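So the structure is just underneath, and the comments pick up after that.
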Amino acid sequence: MKTQGLELETVIDIKHKPVSFTGGLEFESLTYTVTKKKKVDGKWSNEDVDLLHDITGYAPKGCITAVMGPSGAGKSTLLDGLAGRIASGSLKGKVSLDGNSVNASLIKRTSAYIMQEDRLFPMLTVYETLMFAADFRLGPLSAVDKRQRVEKLIEQLGLSSSRNTYIGDEGTRGVSGGERRRVSIGVDIIHGPSLLFLDEPTSGLDSTSALSVIEKLHDIARNGSTVILTIHQPSSRIQLLLDHLIILARGQLMFQGSLKDVGHHLNRMGRKIPKGENPIENLIDVIQEYDQCDFVGVEVLAEFARTGMKPPLLSDMEEIISYTNSIAPSPSPLHRGSKYEEKSQDFSYSSQISRRSLNDEFDHSIRSPYNNTPMSWSASNSAAFLKFTPSRLKNENKVQKPPSHASPGIYTYSSEILPATPTPHSSDYVVDENDYLTPTNSSQEHLGPKFANSYIGETWILMRRNFTNIRRTPELFLSRLMVLTFMGVMMATMFHNPKNTLQGITNRLSFFIFTVCLFFFSSNDAVPAFIQERFIFIRETSHNAYRASCYTIASLITHMPFLALQALAYAAIVWFALELRGPFIYFFLVLFISLLSTNSFVVFVSSIVPNYILGYAAVIAFTALFFLFCGYFLSSEDIPLYWRWMNKVSTMTYPYEGLLMNEYQTNETFGSNDGVSITGFDILKSLHIGTEEIKKRNNVLIMLGWAVLYRILFYIILRFASKNQRS
């Protein structure tokens, strides 16, 4: 096939439509080491363990690359490493996109990562979920264009029949598991990412739903995206849709190539596939045999995949043991963390028994077309590496023919799948082979702004979604409103017409402290909702859907009118029924800011804890501490000096004192003691509460300060700590 004078020979026929394999994601010598504690002879010591060890490979553009292997092989770890979800400095090696080295930030801006769990709002419909995703990701497009894109995507994903169905959850009937997974995929491909990472996309699905999901991913790949997924035990029909396989074991590369190469790979190892047996399952069984062997491990298979050095047959191990016992042992160093570190097996037997020439029988076609040498990714072959990237096609008269690695089977080609967004390494971006290992500023500029919408635009979209969710789940808001209204009526009837006695004063103080406690405990039921929303936030912001600051502000603005209505309902009932003194507006403000403060505290705690059980425990524990030190049981002067600081940090102190000042900053008499009248000022002085008018204003400002502080802490946690990233 000739294209602008260039000869492109590496193509795959999809219903007789050639698709070039030029370009893709390449990775070199990826190593990820973690430190684990190990107990030896009763003592704990640190041990370095390689979760990934010197993995080099590639994922062709326009293809589905499946990462497979036994449990604990490092599949998800490799996926996280390629997707930039491992903290900077922890992962060693290079990742290149179309011949240019890229960092984690650049990968996130050109890719989408679909988690194994479907994190979606249950009370949004399929259309609304995808429409909000379009609003976040396709900012510059008009509303009409966004709707058209969403409608087209719904049709392509086979979701037309469930377009207006709620996503649903355990308590709400919604779409099926397969449809939910396709919605998750749609949310992350609405903007046409060049790279698509999926962690176990078929997990928990029946065979039909799993096949449907992979078919949609196949169509997405055929339109120019690089699709990389982890998968466990795919069916034979799904295997036919997988173009490129990467098989791992204990963090090492065991095999790389197409499905048809698996049998050839096993034959070169001296293993034959039994008739009718699945080649992939047979290879994984062989890997596990070596892994469970007491004398050799999967390292010999990794060496075979890397250099072509044939591993020993396990049936010949008696001969090998006899031979190695006749010579001085010199154990081969194994990578850190392997369970075979203490084995004394001498792998030099390979040179005597089963060493093969690297070029005689080893088929290097299973390797990346960008690297045709037996050694991995040396600087000397960087020029050859770049010849197969789109940016080099303009300058080469002829492209070398990479080995064929077409997948078997006939596929259905869909020309209407949304095209991938251009990567920063498209054909108009020329790369110098001398500096391709360092991402340039121009590649960053080529991508445009980091976020699709303006600050105000993001906040408005988030507010609209929040209001929609609140409208669909009125029980959370209405339950609090009903509780506060009911308790207001109860308090009004219980504390009506207090007597002008010391007991009457005590009763009125009890009313105020109960009111404060009621408002502080009323938001505890929101912990599960905030934790669920946090997981969705992590998924959406991992690839720059919106800013954490916009999310924080939108959440605050959305809840303010509902909190104000709750405070107003309670204040209006008890104020007039109990004939309270002082300005009504101040009484309302204290209650409203109390709700605002406790709401901010709850969302802050929810951003830290891993689950709602710990969230409930933490919120209740801290609220109890605030209650203990608010000044009701012991005045601020009577609290021991070493605990007095708790009175200042207790967020209940200020609304409690504020309500008392609003009621008792007066010379009116509220009772007598031994014939001496007790005025409102006397009550405040006995409780060591200020009698100045300015103290009322200061208390409100301090309460606002606590609410703002908790929101700032909430933002900091979201911005810097709530990242779905390995350390």
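Quick reminder: no glycine exception, Cβ is built from N, Cα and C everywhere.
According to Swiss-Prot, Asn611 and Ala721 sit on the same side of the membrane. Candidates Asn441, Asn667 were compared with Swiss-Prot; the annotation N-linked glycosylation site appears at Asn667.
Annotation for Asn667 (N-linked glycosylation site): same-chain Cβ neighbours under 8 Å, separated by at least 6 residues, are Thr679, Gly680, Phe681. Scored on C-beta pairs under 8 angstroms, the neighbour of the transmembrane segment (584-604) with the top count among 476-496, 511-531, 700-720 is 700-720.
Compute the center of the Cβ atoms of Gly69, Pro70, Ser71, Gly72, Ala73, Gly74, Lys75, Ser76, which mark the site for ATP; besides them, the chain residues with Cβ within 8 Å of that center are Leu248, Ala249.
DSSP assigns Ser76 (ATP binding site) to a helical segment in the three-state reduction. Within the same chain, the residues at least 6 positions away from Lys75 (ATP binding site) whose Cβ sits under 8 Å from its Cβ are Val67, Met68, Gly69, Thr230, Leu248, listed in sequence order. When each of 476-496, 511-531, 700-720 is checked for Cβ pairs under 8 Å to the transmembrane segment (560-580), 476-496 comes out on top. Mapped onto DSSP helix, strand and coil, the topological domain 'Cytoplasmic' (605-612) counts 3 helix, 0 strand, 5 coil. In terms of DSSP helix, strand and coil, the topological domain 'Extracellular' (497-510) has 9 helix, 0 strand, 5 coil. Neighbour density for Pro70 (ATP binding site): within 10 A of its CB lie 19 other CB atoms from the protein chains shown.
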